[in-house]
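Participant: Mind looking over this structure? Questions follow.
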Amino acid sequence: MIQSTGVTHTDKSAQENPVKYRDNFTPVIITGMSGAGLSTAARVLEDLGWYVAHNIPPQIILELIDMCAREDSPVDKVAVVCDVRSREFRGSLTQVVSELRDKQLDPTVLFLEARDEVLIKRFDNVRRTHPLQGSQTLQVGIERERTVLSPVKEDASVVIDTSDLSVHDLRRAIESSFRTIATRTQHVTIESFGFKHGSPRDADFVVDVRFLPNPFWVPELRPFRGVDKPVSDYVLSQKGAEEFLNNFVDMLKDMLPGYRHEGKNFITIGVGCTGGHHRSVAVSEELAKRIADQTTLDVSVVHRDINRH
């Protein structure tokens, strides 16, 4: 007997000839908020050579991935897109992920989200209704979806907030993440931001560099940004900057073995200052250089608010 979820085999021949899965097979499940960029994520993975199945109900995901993972399967990389348009979504996706892990087919769950006001604007732009709004408002539909997806997000391998990302930014973020999956390395994203615009929602931890003097108050530096050498030299030469950078990199190196043991291959560090133009940008760039030089991590840098007013 084979059931869609909670697969149970009572077939004697199956017991005598256990299924053989290919080595290093890592399936991907793409999910998240409607309007957050699931279709873009799917296209990126297709361009990277993944076989992508769209809008697959959770009860079918287990069977599809099991089939693709077998040694005799012609598909070596598979990703499935699963969203709340599937009536069976509620509660069942987390169950499927758990069952895949029990079968040693540990999936990478990519979860995309965005702020409510951003999602509302995106839906308004394309003149579409939300799949869960029914006869209610768009805001109600988004709130319902966030509640449904909360346990999925908590268990996700990679969470990307697309609120402030262009399509090209999202593509780069996904490409970087999935190169990491292919090579089995750990990846750290350093994201500079301005506290006045809010902290990154997908950061694992946040660093506040407002203890450093603000170049904004130096007239000749104000027009520049933290990626420019005059600002970078000013920020990094301030008292406490060198000590902070050394201590932070040392702390991260101490944490890496624990992260690796827990299977956490994606680490996001938010580095914040007031506006996200000067101090956080300069410190993020320098942190990225030092982490790349002193660890085996793949490193990428995102300056979320560098052009934001």
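Cβ atoms are placed via backbone N, Cα and C, with glycine included.
So Swiss-Prot has the following annotated:
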| type | residues | note |
| --- | --- | --- |
| BINDING | GLY32, MET33, SER34, GLY35, ALA36, GLY37, LEU38, SER39 | ATP binding site |
| BINDING | ASP83, VAL84, ARG85, SER86 | GTP binding site |
Participant: Expressed to the nearest Å, what is the distance separating SER34 (ATP binding site) and ASP83 (GTP binding site) at their Cα atoms?
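Facilitator: Their Cα atoms are separated by 7 Å.
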Participant: Secondary structure at GLY32 (ATP binding site) (DSSP, helix/strand/coil)?
Facilitator: strand
Participant: With an 8 Å cut-off on Cβ distance to the GLY32, MET33, SER34, GLY35, ALA36, GLY37, LEU38, SER39 Cβ center, who else from the chain surrounds the ATP site?
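Facilitator: Sorted by sequence, the hits are ASP83, LEU112, GLU113, ALA114, THR162.
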Participant: With DSSP assignments reduced to helix, strand and coil, which class does SER39 (ATP binding site) get?
Facilitator: helix
Participant: Across all protein chains in the structure, which of the binding-site residues GLY32, GLY37 has the highest Cβ count within 10 Å?
Facilitator: GLY32
Participant: How many neighbouring Cβ atoms, not counting its own, are there within 10 Å of the Cβ of ALA36 (ATP binding site)?
Facilitator: 26
Participant: These are the binding-site residues: SER34, SER39. Which one scores highest on other Cβ atoms within 10 Å?
Facilitator: SER34
Participant: If I take the Cα of ASP83 (GTP binding site) as reference, which of the binding-site residues ALA36, LEU38, SER39 has the closest Cα?
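Facilitator: So, of the listed binding-site residues, the one sitting closest to ASP83 (GTP binding site) is LEU38.
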Participant: I need the CA-to-CA distance for SER39 (ATP binding site) versus VAL84 (GTP binding site), whole Å please.
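Facilitator: About 14 Å separate the Cα atoms of these two residues.
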Participant: Counting every protein chain present, what is the number of Cβ atoms, excluding its own, within 10 Å of the Cβ of GLY35 (ATP binding site)?
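Facilitator: Its Cβ has 24 other Cβ atoms within 10 Å.
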Participant: Counting Cβ atoms within 10 Å across all protein chains shown, which of the binding-site residues MET33, LEU38, VAL84 comes out on top?
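Facilitator: That would be MET33, with the highest Cβ count within 10 Å.
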